[in-house]
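Listed in TrEMBL:
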- Cys160-Cys195: disulfide bond (DISULFID)
- Cys161-Cys179: disulfide bond (DISULFID)
- 21-44: transmembrane segment (TRANSMEM)
- 64-87: transmembrane segment (TRANSMEM)
- 99-121: transmembrane segment (TRANSMEM)
- 244-265: transmembrane segment (TRANSMEM)
Amino acid sequence: MSGYGRRRGRNINHINVCVKYTIFFFNFVFWLLGGIFVGVGLYAFFEKWKGTGYSLVLNAEQMILDISIIMLIVGFVMFTVSFAGCVGALRENSCLLKFYSACLLLFFIAELALATLGFVFPQKVTGILEKHLTSKLIEFYREDPDLQNIIDFTQQEFKCCGLSQSGYLDWSQNEYFNCTKTNPSVERCAVPFSCCRNPADINTGLINVMCGYEAQQLTELEAAKKIHISGCISIIEMWVYGNLYIIAGIATVVAFAQLFVIFLARTLEGQIQRQKSLWMR
């Protein structure tokens, strides 16, 4: 090839601008979301830490169930991976794009594995959740305000109480609500107000936090008039089965979006390699 032909070949741009900036803007949105998650997680953690007089000490189980720490981890992963996608696309860096597409592929495989397990072995998954989550979530209910708010929200929205098949009796595992005679708490044998069928006072409209008092001492028939008695895991499982087509549709859209972005990243990687090969001639 003549010198003019080589120079002309080098001037050909194999980088597709649409692919490049689609990846950039898509990841820029998630980069911002990741930063927000990290910021909110840090704020919530330090507020909780400040509320304990800067003496908050978490064991491994509390860290796993701490909402602020979960937000920090999720936010950090989103921030890091989307940052690699943003910079990799903008600077045409094939190493960052390989890292980005590999991370997305790992996320996709993990999501697919979890969805398959949940679909093929629903009873086993439910059993594992009840066995390993119930006691810890109930135990830490009053220790973590963020966890308390989530549990209260879940019980109110799904009209349930407790987590396992034991339903409202799960709350006997909490030191404030257990029914042992040695329990000095005024909430002995109670359940949280979020279990109540009508937690708001009719006259004032304010939440009656005592509406679930002594509910654990009632029979199921008597308790059912006052509170919701079914565990949340089984209620949520029924809700999932009732909305299976909608959930499957959303999951399919998300899966195809992930695969499409992986395809774009791999396409851009190939274009970058072709461009580099021209420059090296």
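Just so you know, glycine gets a Cβ as well, placed from its N, Cα and C.
Taking every recorded stretch in 21-44, 64-87, 99-121 and counting its Cβ pairs under 8 Å to the transmembrane segment (244-265), the highest total belongs to 99-121. Long-range neighbours of the transmembrane segment (21-44) within the same chain, counting only residues 6 or more positions beyond its ends whose Cβ lies under 8 Å from a Cβ of the stretch, are 67-72, 74-83, 85-86, 88-90, 100, 146, 261, 264-265, 268. Distance between Cα atoms for Cys161 (disulfide bond) and Cys195 (disulfide bond): 5 Å, as a whole number.
Long-range contacts of the transmembrane segment (99-121) within its own chain (CB-CB distance under 8 A, at least 6 residues past either end) are made by residues 27, 81, 84-85, 88, 251, 255, 258-259, 261-262, 265-266, 269.
Cys179 (disulfide bond) sits 17 Å from Cys195 (disulfide bond), taking the CA atoms of both as reference points. Fewest other C-beta atoms within 10 angstroms, among the disulfide-bonded residues Cys160, Cys161, Cys179, Cys195, are seen around Cys179.
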